[in-house]
Amino acid sequence: MTQPKKLFIKTYGCQMNVYDSERMAEALGGNGYEEVGSPDEADMILLNTCHIREKAAEKIYSELGRYKELKTAKPDLKIGVAGCVAQAEGEEIIRRQPLVDLVVGPQSYHRLPEMEAKAGKEKVIDTDFPEEDKFEKLRARPKAKRGPTAFLTVQEGCDKFCAFCVVPYTRGAEVSRPVSRVLAEARDLVERGVREITLLGQNVNAYHGEGPDGRDWSLARLIWELAEIDGLERIRFTTSHPNDMDDDLIDAHGRCSKLMPYLHLPVQSGSDRILKRMNRSHGRDSYLRLIERIRNARPDILISGDFIVGFPEETDEDFRDTMRLIEEVRYGQAFSFKYSTRPGTPAAERAQVEAAVADARLQELQALITRQQRAVQDAMVGREVGVLIERKGRLEGQMVGKSDHLHAVHLTADLTPGDLVRVKITESGPNSLGGTLVGAAAGVAASTAASTSVNTA
Ligand code: 5AD
Ligand code: SF4
């Protein structure tokens, strides 16, 4: 029997890239590859890249530079660049770094096996937006066992064209996968041990996949259908746009017990003036009213957001508006970024905010968010929450899982990954909660409770 070839994939950026890397590893499995954890032993290295900010994109070139020695020592080593940098820069990547053999954009991953076969003999580049359904052609090899959580891409691309963002160019126009395909993939994941699925899309709540009845189904309808799958205990989705948060989805948050009380709903800025310039097509007040409606439906929902500071022409007053919006919303989680100029986007042409000013704003904003996150986390102490156990902790007998609100929770109990349990939260550390086992949740045979412990690492 021939030895399997070794594939090392390094993934940058968002959760969709994590999902895509899994699909690519599976596809290359058909070419005789198995995944390994280090580039040193690899026959092929694939970087799955992110183009969202300049730093992320530039990282790729320094990483590629590190593989020079490996390639000299092993000339047959194939080096590929996938993801959004591949899409945005195409053959420019090979011009800048000739050791790259293969460049593949996110819409062409199903062609990767063919490309791999040619790579090494010639340079292979594919950054097309082909007609065929790449997901169908990227079907998982059946029945490999999985951990308790998984991502599932249901929608890809974006038609919103925010003035700062490369996604509409790198991921292309907004496309939704048909309902039957999503359900089949979800059932397959559950059979392989998955208990929690996070539905992915750049604008996941704009989902409008064709249903079995021939009509377009909304994300809410898809979620209700997924909730019927026995053994699938938790559903999440990310990332949402405020304008696509319809009544049915808000209602699902109120009534669908498998839909977890966590919503990532980026606003980017709290200033109407900047939101307009960002081409966000929603205002500050409409966002705040939306949050209120969501909280009316599901009072304990944890709201998460994204913020950009230092967007071109942002004044101090605009920034204060953002800070006031954050104060009002009380985020349980947020990601904040200094504006990064992206070639080809409308905002790249505009007057830039001084770097030192943007740095200071980012620091101030992050300090506020950290306080809010901590307050939301601390408020969990004394409450009983559902926890899906994911892995062993660092201490003897300790297990780690995620709460319904996506907090990391540590507890010492005789449990295995995949157990869904009720935990009484007793401690709140900087990055995680600690608790004691109360009992099994929904049909899980859990064992006896033991002591509390918070991992503060
Ligand atoms: N500069 C800084 N942050 C950006 N984001 C998107 N484009 C840029 C950019 N040019 C942020 C947004 C988005 C998140 C994924 O990345 O906040 O929601
Ligand atoms: Fe980018 Fe805006 Fe589309 Fe989100 S909605 S992917 S920020 S263009």
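All positions are counted from 1 along the displayed chain.
The backbone N, Cα and C atoms fix where each Cβ goes, glycine too.
All annotation found in TrEMBL is predicted automatically rather than curated by experts.
According to TrEMBL, the [4Fe-4S] cluster 1 binding site annotation covers C14, C50, C84. The feature [4Fe-4S] cluster 2 binding site is assigned by TrEMBL to C158, C162, C165. The feature domain 'MTTase N-terminal' is assigned by TrEMBL to 5-121. Annotation source TrEMBL lists domain 'Radical SAM core' at 144-375. Per TrEMBL, the feature domain 'TRAM' maps to 378-439.
Features recorded in TrEMBL, as mapped to the structure shown.
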residue : record                          : CB count, 10 Å
C14     : [4Fe-4S] cluster 1 binding site : 19
C50     : [4Fe-4S] cluster 1 binding site : 22
C84     : [4Fe-4S] cluster 1 binding site : 26
C158    : [4Fe-4S] cluster 2 binding site : 23
C162    : [4Fe-4S] cluster 2 binding site : 21
C165    : [4Fe-4S] cluster 2 binding site : 21
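Ligand 2 lies under 6 Å from the Cβ of the following binding-site residues, listed in sequence order from C14, C84, C162: C162. When the binding-site residues C50, C84, C158, C165 are checked against ligand 1, C165 have a Cβ within less than 6 Å of one of its atoms. When the CA atoms are compared, no binding-site residues among the candidates C158, C162, C165 lie within 10 A of C50 ([4Fe-4S] cluster 1 binding site). Looking at C14 ([4Fe-4S] cluster 1 binding site) and C165 ([4Fe-4S] cluster 2 binding site), their Cα atoms lie 14 Å from each other. Counting residue by residue with DSSP, the domain 'MTTase N-terminal' (5-121) contains 61 helix, 25 strand, 31 coil. A distance of 13 Å separates the Cα atom of C158 ([4Fe-4S] cluster 2 binding site) from that of C84 ([4Fe-4S] cluster 1 binding site). Separation of the C-alpha atoms of C162 ([4Fe-4S] cluster 2 binding site) and C84 ([4Fe-4S] cluster 1 binding site): 17 Å, rounded to the nearest whole number. Between the alpha carbons (Cα) of C165 ([4Fe-4S] cluster 2 binding site) and C84 ([4Fe-4S] cluster 1 binding site) lies a span of roughly 12 Å. Here the domain 'MTTase N-terminal' (5-121) returns a mean pLDDT of 95 for the predicted model.
Taken residue by residue with DSSP, C162 ([4Fe-4S] cluster 2 binding site) is part of neither helix nor strand, so it is coil. Per DSSP, the domain 'TRAM' (378-439) is made up of 1 helix, 37 strand, 24 coil. Within 8 Å of the centroid of the Cβ atoms of C158, C162, C165, where the record puts [4Fe-4S] cluster 2, the same chain has further Cβ atoms from K160, F161, F164, V166, V167, P168, Q202. Other than the site residues C14, C50, C84, same-chain residues with C-beta atoms no more than 8 angstroms from the centre of those residues' C-beta atoms, the [4Fe-4S] cluster 1 site, are Y12, G13, M16, N17, T49, H51, I52, A56, G83, T170.
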